[in-house]
C-alpha cells in the first residue's frame, strides 16, 4: 500500500473491528476478576501498537531509509491527516445521532 489514505482507512477499520469483537464478546466474559483479563488486555494493547506502528510508520520509514526524507514526512503527515479526518467524521456522527 503506497497511499496514505489507505493506511489511515485500514487503521480506522482495524479499530472498528477490535471494538466490534470486544462488544460482541463482552457477554461471554466472566464477571469475577481473574488473572486472564489483564493478560488479554495487555496483549491486545501490544498487538494494536504493532499494527498501528506498521500502518503509520512502515512506508515513511522505508522512504526515509531510501533517502527520500521529504516524501517520508509528507506520507506520514498525510496518513495522520486522513486519520484525523476519519476521527472528526466519527465524532460528528456520534454527536448528530
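Even glycines carry a Cβ here, placed using N, Cα and C.
According to TrEMBL, the features are:
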TRANSMEM  6-28  transmembrane segment
TRANSMEM  35-55  transmembrane segment
TRANSMEM  75-96  transmembrane segment
Close approaches to the transmembrane segment (6-28) from elsewhere in its chain (Cβ under 8 angstroms; 6 or more beyond its ends): 44, 48, 51-52, 55-56, 59, 79-83, 85-87, 90
Positions whose Cβ lies under 8 angstroms from the transmembrane segment (75-96), at least six residues beyond its ends: 4-5, 7-9, 11-12, 55-57, 59-60, 63
Surrounding residues of the transmembrane segment (35-55) on its own chain - C-beta under 8 Å, 6+ positions past either end: 7-8, 10-11, 14, 18, 29, 79
